[in-house]
Amino acid sequence: MRWLPQISFSSPSSSPSSSLKPVASYSESPDPDRNQDRDRFHRRLFRFNRGRLTRQRKLRHLTDDDVLLGERRASTSSSTFDSGLTRSPSAFTAVPRSPSAVPLPLPLPLPEVAGIRNAANARGLDDRDRDPERLISDRTSSGPPLTSVNGGFARDSRKATENSSYQDFSPRNRNGYWVNIPTMSAPTSPYMSPVPSPQRKSTGHDLPFFYLPPKSNQAWSAPDMPLDTSGLPPPAFYDITAFSTDNSPIHSPQPRSPRKQIRSPQPSRPSSPLHSVDSSAPPRDSVSSPLHPRLSTDVTNGRRDCCNVHPLPLPPGATCSSSSAASVPSPQAPLKLDSFPMNSQWKKGKLIGRGTFGSVYVASNSETGALCAMKEVELFPDDPKSAECIKQLEQEIKLLSNLQHPNIVQYFGSETVEDRFFIYLEYVHPGSINKYIRDHCGTMTESVVRNFTRHILSGLAYLHNKKTVHRDIKGANLLVDASGVVKLADFGMAKHLTGQRADLSLKGSPYWMAPELMQAVMQKDSNPDLAFAVDIWSLGCTIIEMFTGKPPWSEFEGAAAMFKVMRDSPPIPESMSPEGKDFLRLCFQRNPAERPTASMLLEHRFLKNSLQPTSPSNSDVSQLFNGMNITEPSSRREKPNFKLDQVPRARNMTSSESESGQQQQQQQYRSPDLTGTVNRLSPRSTLEAIPSPCPSQRPKPSSSDRRRTGVTSDHL
């Protein structure tokens, strides 16, 4: 085309023939036909090249000025070719050779060329399903741009197909490298997935797996990579939202795994779990991409809006959903169930007492709501005291499992959980006799002491008949229920006598201990029946504790109290009845052989007085203890005993007024029940009114009784 300036600046008198003559004179061969064939061959061989040799020969006949002007234009055109500019929008279609003599200006490079190329790389099904001519045109246009001046695009599709097998791998054309692959459902990713994509047999696409090389201008935003949670396996699939672009037009559900999820810059966008990060690639924490994240995000958003395809099948290992994962129980859950005692039947409640070797709690049954006393003891295998404690607990369990009596606490069971030992016993409320004394002004009436003593002896008689000695009878080990029934508890010091000798060691509490235990006489005695006498001595000390509120010799310390027990007998309270004093003298016999047994003491008049027909029965005592109304309204004969003085004594009344007033009082006031009488007579105990005879056999009140009730002799 360098002969175009010569046409523009030639004189009008010159002709085409004269202008072409220098070409023949400067040719290498004198044959014009041969030169034309050679030129035709060069044009055909260097169609896509510049053809400098031929064009330079045609410019040899020009003047110096024309040659300089043509060389400037040639240098400008050559620099344009070597700059490696990307294609213009007009390069998508072939432009025919223009016959015009006026050269067209070259297009300028566009700023959004990189974004358009990324859009082409990020396309899914649209780029895969394009026609071959469009694909070849795009691939060819990624090289040096061809303008309409030099031509080269006016060729048929057959020649273009032949040339398409040759690829230019130079650094200038590496960005335009394309791979024609079959349609697959996996997204384009800059990383190779070690897990192959599952093939969909339902659509009939039985296609091989593929690998896409990374693009040199691929842009993504590197997010925070997750850290493995301790105790959980590493995930099989990473969340593809780790890259800010989702190049797959087909979106699968996000995988769920019991670990920390990957934080993505685009959390609201769906992801595909088919591609995972290469295991050899080290994880990156909080690495920001040097490229702007909006570069590929905007293209992807516009690309995904127009897709309507079938969803991908879930990959292996990612089929569990969040609901199913949440419903799977933790492997540590069954271990927690085994930590509850008695197969999760009893739940520990509040603390109700502490002993020498453990604590006692209130436990409730989770199925029935029943209550029991749970004794808890910590186990220390290397501690000698703990070994002794375990020995006593085993002895207590062995004894209680063979005892069944209304005046002995019932044994439910026992077990060992980890380093703790549990014993489940009958729960007796409100508690021990010691607690009962503190809650009732520190003392008891003799009638209450008599009733409690009878219950204690009943349990001791049964226990001694089983050849078992308790050895720790005191107020703290005697429990009282709401009905006033006393039960023996705490058999840690108990011993079952099997041999012919009563070999008892020094065990028990000093204030309630028998003197023979301190003198070690029982170890030399051959009569085992004398061993039961230690419980009778302890019973006498407990009676004093109930009557006075403290055990004998309580003013002394432990060692001094032991010396007092060895030398003297406990003092008997002076306020007790003669029957009560005689009962205590029998219990405090220094010689154990002279002490009566529990069965013999049950026949003592101190206890028989409460069993006579003139006194309420045992059931009546228990009902009075509960504050129940147990009597019927009294007869007319006994009403004056319970009348209140409503008329002044010094008031002078006629006989008619007195009779009318007496009738009015009889109609207005009824005899109150025993509960009201008991509450008025004794604020300390509800059993203080028991010694009086029953209403049917009650004698006529004396003058002193009439004064106490406020009834005058005139009213009678």
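Cβ atoms here come from the backbone N, Cα and C positions, even for glycine.
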Inquiry  = For the candidates S100, S216, S599, S685, I need the one that Swiss-Prot annotates as phosphoserine.
reply    = S685
Ask   = Pick from 49-73, 74-98: which range has region 'Disordered' per Swiss-Prot?
value = 74-98
Ask   = Which residue, chosen from S185, S327, S344, S622, is annotated phosphoserine in Swiss-Prot?
value = S622
Among S142, S271, S617, S656, residue that the record in Swiss-Prot marks as phosphoserine = S617
Remark   = Out of T229, T300, T677, T712, Swiss-Prot gives the annotation phosphothreonine to T677
Request  = With Swiss-Prot open, pick whichever of S13, S202, S658 is annotated phosphoserine.
outcome  = S658
Query = Considering the residues S14, S634, S660, S702, which is the one that Swiss-Prot annotates as phosphoserine?
reply = S660
